[in-house]
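The structure appears below as structure tokens.
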Amino acid sequence: MPRLEGLAKSQYMWKRAEIMQPGERYPEPCLRCRAGKKECVKAKTKDGKKTKGKSCAQCESSHKGCSWHEKEEEEDVAGDVGGPIPDRENDMTLREVFDGIYELFEDYQQSQAEYRTLQEDILQEKRRTNELLQAIGIAFGAEVAESDSDKGESESELEEVAQLKELAKVRQEQRELMRKAEEQEEEEEAEEAEEAEEEDEDEDEDEDEDR
């Protein structure tokens, strides 16, 4: 069989398998066809005279018994695959034909598996990149939050100082009020004491007059 790869190989197998029965092998070509020469299907001359048909001079006599007597079809097959028709030693059964097709299918599956593996690697790289970006964002957000908290702490400290000053002012006012109240109470007690002394003196004077 010619060394064919890919699509040409599968086309060659299918064309050869269409005319075969299950378990049947390729029919044996004539000697000239077996040589795999394309000139076999072209008109040649024998003893200076042009031969009839499309067989060459060397195999004209044996072409009548050749299994591949349809030369045009044979030439088309060889032209499709870009190579000569295989000789008897390389003929294949249907099982071998389908085994070759199965090999092509396995190659396709392997290429698909490699593609999926490549896609998974790309997805993993994307995940790593996203995780790295998230980590950077979290770190930046934490730094911003820390600076905001420091700013908030300084503001709260200022508010606390202002409250303490206000409280000290209120306490000072309370102390002033208490001091004034005590002074007023002392003045009232002094006035009451003076009034009591005056009353005592008046009583003493009245007693003296009575005597």
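The backbone N, Cα and C atoms fix where each Cβ goes, and this holds for glycine too.
TrEMBL entries are annotated by machine, without manual review.
What you are looking at is a predicted structure, and each value in this text was computed from that prediction instead of being measured.
Features of the protein shown, as given by TrEMBL:
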| type | residues | note |
| --- | --- | --- |
| REGION | 67-90 | region 'Disordered' |
| REGION | 172-211 | region 'Disordered' |
| COMPBIAS | 172-182 | compositional bias 'Basic and acidic residues' |
| COMPBIAS | 183-211 | compositional bias 'Acidic residues' |
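With a threshold of 8 Å between CB atoms, no same-chain residue lying at least 6 positions outside the compositional bias 'Acidic residues' (183-211) comes near it. Secondary structure by DSSP for the compositional bias 'Basic and acidic residues' (172-182): 11 helix, 0 strand, 0 coil. Sorting the compositional bias 'Acidic residues' (183-211) by DSSP state (H, G, I as helix; E, B as strand; all else coil) yields 28 helix, 0 strand, 1 coil.
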